[in-house]
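The structure appears below as structure tokens.
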């Protein structure tokens, strides 16, 4: 049974990461919104301009569009391809102001002689001949892909939401303890007293503790990365040792340039690890691995002389001063080491209609993207909104 609708009944999206915000944009572009123009409210613990927090993975992500979709996983492939198409068009239209950068991406494989077929859907795909393979690499491909500067992209989404709604979408920082709390007076004071038409749950790891959801299949996959400044690197590299296994297998090393000259180096995949701070040994290991796959990260002058100087004699160290010493020449380029918790879920993304919250409120779930949130965001958002419109017969 579809709930009765009118233009005064609000729709609530819970979560303001990449999944929640793309879902709101798709909702604003839907036939449902065009017909009813309902109030839309975003309720979230974390917002895009907050200080970095491991539990808000969207701003700590690299990020790049690099699908993990297995060849036989048509649903994930479709989500990822849709997202690439949307983002590639945004880059074509707005350039790097979009927070996106198009670049040559090279995938290096150790211990396997094949690649995911979805890479062949990208522009300029090619398999590298054996004569071009770096030492110890068994297989490699390259293609055009995209990297994302998360803070820029998320803020553009906020502006897009404001533009599409004429400023009518309301963003609330509020810790929602349970879905049933949407009927509490403190929430009604924010979203109005009309019955809620629908709730789209985009809470990532919050699904573990959100009452009415309490999804025990959710778990963190800890990722540690190192942010460096190396604007001369404008190509992306990854090295996969062993089976990818849906995105969480083997050892993966990556170099993700951003349009602003920052580079994200990674990484780790530590399932069930809630430690929110960088581990020094991990930082050193990431720097070592990054140099192995992208030696151009560190120009020759840094290898010979850890701290760049000038020809001016006044800038050199006196006999009483010691020149800085680095274990890795990349140390002098490091901005920060960061940790984020990927919102992983046994069985994969939960994207479905759940039981109605009451006889009048549709509930749609869109969470559990693990490390694939950025690369599947638009595809899953579009499907979540389609499920909502179907539930309300729009």
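For all residues, glycine too, the Cβ spot is worked out from N, Cα and C.
Summarising the annotation, Swiss-Prot assigns FAD binding site to 19, 57, 58, 62, 342, 373, 375 and lists similarity to another entry as the type of evidence. All chains included, 25 other C-beta atoms sit within 10 angstroms of the C-beta of residue 373 (FAD binding site). DSSP gives residue 373 (FAD binding site) a helix state.
Following the DSSP three-state reduction, the secondary structure of residue 214 (N-linked glycosylation site) is coil. Around the Cβ of residue 214 (N-linked glycosylation site), a 10 Å sphere holds 11 further Cβ atoms from the protein chains shown. Positions annotated as N-linked glycosylation site by Swiss-Prot: 214.
Counting same-chain residues at least six beyond the ends of the transmembrane segment (190-210), those with a Cβ under 8 angstroms from any Cβ of the stretch are 3, 5, 8-15, 17, 19-20, 23, 27, 38-39, 41, 43, 45, 55, 57, 170, 172, 174, 176-179, 182, 216, 218-220, 341, 343, 345, 350, 354, 357-358, 360-369, 373, 384-385, 388, 391-392. Under the heading transmembrane segment, Swiss-Prot lists 190-210.
The binding residues for FAD are recorded as 19, 57, 58, 62, 342, 373, 375; their greatest pairwise CA distance is 16 Å. Of all the binding-site residues listed here (58, 375), the one with the fewest other CB atoms within 10 A of its own CB is 58. For the pair formed by residue 375 (FAD binding site) and residue 214 (N-linked glycosylation site), distance between Cα atoms is given as 25 Å, rounded to the nearest Å. Cα spacing between residue 342 (FAD binding site) and residue 214 (N-linked glycosylation site): 17 Å, rounded to the nearest whole number. DSSP gives residue 62 (FAD binding site) a coil state; it is part of no helix or strand.
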